Every structure is written in C-alpha cells, then in structure tokens.
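What TrEMBL annotates here:
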- 3-145: domain 'Lactate/malate dehydrogenase N-terminal' (DOMAIN)
- Gly8, Ala9, Thr10, Gly11, Gln12, Val13, Gly14, Asn98, Val121, Thr122, Asn123: NAD(+) binding site (BINDING)
- Arg85, Arg91, Asn123, Arg154: substrate binding site (BINDING)
- 148-310: domain 'Lactate/malate dehydrogenase C-terminal' (DOMAIN)
- His178: active site, proton acceptor (ACT_SITE)
Amino acid sequence: MAKVTIIGATGQVGSYVAHAVSQFPHVQEMCLYGRPGNEQYLDGLAHDMMDSFAARGTNTRVTFGTTPKELRGSDIIVLTSGVPRKATQTRLDLALENARIVKVFAEQVGRMAPEAILLVVTNPVDIMTTVALKYSGMMPHRVFGLGTHLDSMRLKACLAEFFNVHVSEIHTRIIGEHGDTMVPMWSATTVGGIQIDNLLGVAKLPREEMIQRVKSSGSYIIEAKGATVYGPGDAIATLIRTIVEDENRMLTVATQIRREVFGHEGVCVSVPARITRGGVFPIGVKLSEEEEQMFAKSVKLIRDTTENVCAVLDAESQE
Ligand SMILES: NC(=O)c1ccc[n+]([C@@H]2O[C@H](COP(=O)([O-])OP(=O)(O)OC[C@H]3O[C@@H](n4cnc5c(N)ncnc54)[C@H](O)[C@@H]3O)[C@@H](O)[C@H]2O)c1
Ligand SMILES: O=C(O)C[C@H](O)C(=O)O
C-alpha cells in the first residue's frame, strides 16, 4: 500500500495525475499538496475527488495541505509545481524561474520524506530533476524525471499510425533531452518484435518528419488548447503504477548517469532504466556512433544550463 503526494495538485497536470493515480488499487492515500494560499482550492478539489471515488467505487483516502509535514510518510511524490511555457517559449526559457520553485519543494521533500521516490515533471524536466536531486540531498536512485518517456510514447503513436498496428506492437525509445536535442533510438525500435530495419517497405518510413512531430508536439498542443495534460498525465500515471505495483518495467526516464556506464556524468538525462518499488536504476546500452554524438550534445546542453541555474540559486542563497 502506498501514500502518493502530488506537489502542485492545483495545476492542470497535478490534478489530472492525482485523479488518474487514485484508481490504482495499491494507492491507499492521495495527498494533494500546494503552496500556502491554495487551501480553499485544495479543499474543494479533495471533496470533488471523494465524490468521484464514491461514484467509481475507489477506496483511496484523499488528504490535502500546504505545510511540509503533509509530505511525511509519502512513498511517492510527484513534483508538478512550476510555470508552464507559452507556445512561443521553449522549455529552457523556464529554467531559472522554475528552478527557484523546485529548489524550495526539493528541500522540503529531502527534510520530510527522504525515503520517498521523487518524480519530477516541472519543465525543463531534465534540468529540474538535477536541481531536485541536488537540493533534496536524496539518493540518486530515488529522484528521477518524466524525461523522454512522454516523447517515446509520442513516437510510439506515430509508428502505430504509420504501420496501422495496435500501439502495443510498437517498442521504441527516445533518449537524451526532453527537448530539441532528443535522440531517437531506431536501433531499439521494433514492430511486432521485428527490428524496424528488417521490415520490408521500411525505407519509406518518414523518420525525420516523425521526430519533428514528436519535438513540436508540446508546443502544437499548447498553441491549440493552452496546455498538455492527458499525454503527460497518463505517462506519469504509468510510471507511478510501475513503482507502486513493483512492475520492474524498463522505461526511458531522466535519471542521474554515471561516467563508467554512459561516458558522461553529473546530470540527469533520459536513458533506459529499470523502475521498481525500490527506485530507478539506469541501464547501460551500446549506442551507434551517430546516437552517441547526438547524446553527447544533449548532455552538454543539459549540463551547461544546469550549472548556470545552480550557480544563480547558490548565489541567491548566500545573500
Ligand atoms: N515534463 C513534461 O513532459 C511536462 C508535461 C506537462 C507539463 N509539464 C510542466 O509541469 C509544470 C506544470 O504544468 P501545468 O500545466 O500543470 O501548469 P499549471 O499552471 O496548471 O499549474 C502550475 C502549478 O504550479 C504551482 N505554482 C506556480 N507557481 C508557483 C510558485 N511560484 N510556487 C509554488 N507553486 C507554484 C501552481 O500553484 C500550480 O499548482 C510546468 O512547468 C510544465 O511545463 C511538464
Ligand atoms: O511542451 C511542454 O511545454 C509541456 C510538456 O513538456 C510536453 O511535452 O507536453
């Protein structure tokens, strides 16, 4: 049984995730957490969800609060607080503003629930995952980010549409940044278990167009309806189910990498990882030369931006 806490529960992604995750049988308590001033909204949200659970026959207890003690006893904490981008912005434009928000909550989690698993969603997610890891002081396998799991699902949808097969027939991964330097792993892409290059007719696969579609998916949806909610929400819910039900699935999420395994270190970036009730464990993979070069570019961008942001945060905390 697990207590799941959503930080940023008043937000679009946070509230959807809280509702989606509460239906998992192993989730005993759903704690809706927000910043001071949002108590009335959280109270209303909690009551709305209780009505929903009664209608659905879900037995999850809903609690809410704005003080750090609410975090105690959490098994999984999802951090969704932060400013979302406008369609004209990049995710990287949010880095400093959101890092200030993430730092505050990460410190609270590190103090109140250091044994929990912390899943970071706030954008730019790779950088925010490193910020959360640093300021929470938690073990690296207990802090991870949504990363390119969502991009991998978006590519999966494109491939299922192209091949006209059920999405479950597609296995694929995108590693690296949740952003423009993401790296598709065509070498790990299969349809019905058959490696994509061994499928007849695959030469016509519009790989570049598909990746462009994945890269622009967030801004396309934001421009049309203001925010992405169901895609990230259900991608997050899958990760939480994997943890609470100890499914040992291998998904692609932002996690701290080590030099011995990945040739780079010091940042959180998406790679394949085994996800269990005990945490998130990256798995080393052999990349092609082109994938290796693209991955190095992604890591450099994340590292440079993270270092700049953390330098500002550290200078501010000296003031
Ligand atoms: N990683 C991903 O794939 C992914 C997907 C969707 C959204 N996101 C990110 O998640 C974040 C939330 O998105 P959303 O659509 O739910 O936004 P939203 O505006 O609906 O909600 C924002 C939440 O953050 C809180 N918040 C805002 N400023 C705060 C501050 N200064 N201090 C404390 N809390 C603050 C709000 O109270 C609210 O709960 C954004 O950064 C967005 O870019 C990431
Ligand atoms: O694109 C965004 O800003 C939101 C999220 O990262 C997404 O990809 O849906």
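Using N, Cα and C of the backbone, Cβ positions are placed for all residues, glycine too.
Sequence features, as recorded in TrEMBL, placed on the structure.
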residue: Gly8; record: NAD(+) binding site; CB count, 10 Å: 25
residue: Thr10; record: NAD(+) binding site; CB count, 10 Å: 21
residue: Gln12; record: NAD(+) binding site; CB count, 10 Å: 17
residue: Gly14; record: NAD(+) binding site; CB count, 10 Å: 24
residue: Arg85; record: substrate binding site; CB count, 10 Å: 19
residue: Arg91; record: substrate binding site; CB count, 10 Å: 22
residue: Val121; record: NAD(+) binding site; CB count, 10 Å: 28
residue: Asn123; record: NAD(+) binding site; CB count, 10 Å: 27
residue: Arg154; record: substrate binding site; CB count, 10 Å: 22
residue: His178; record: active site, proton acceptor; CB count, 10 Å: 29
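A gap of 19 Å separates the Cα atoms of the residue listed as 'active site, proton acceptor' and Gln12 (NAD(+) binding site).
Counting residues per DSSP class in helix, strand and coil order gives 70 helix, 28 strand, 45 coil for the domain 'Lactate/malate dehydrogenase N-terminal' (3-145).
In this structure, the residue listed as 'active site, proton acceptor' belongs to neither helix nor strand by DSSP; it is coil.
Calculated from their C-alpha atoms, the gap between Gly14 (NAD(+) binding site) and Arg91 (substrate binding site) amounts to 18 Å. For ligand 2, none of the binding-site residues lies close by, meaning a CB under 6 A from one of its atoms; the full candidate list was Thr10, Gln12, Gly14, Val121, Arg154. Straight-line distance linking the Cα atoms of Arg91 (substrate binding site) and Thr10 (NAD(+) binding site), rounded to a whole number, equals 21 Å. Note: the CA-CA distance between Val121 (NAD(+) binding site) and Arg85 (substrate binding site) rounds to 13 Å. The shortest Cα-Cα distance between Arg154 (substrate binding site) and any of the binding-site residues Gly8, Thr10, Gln12 is the one to Gln12. The predicted model assigns the domain 'Lactate/malate dehydrogenase N-terminal' (3-145) a mean pLDDT of 97. It is 8 Å from the Cα atom of Arg85 (substrate binding site) to that of Asn123 (NAD(+) binding site).
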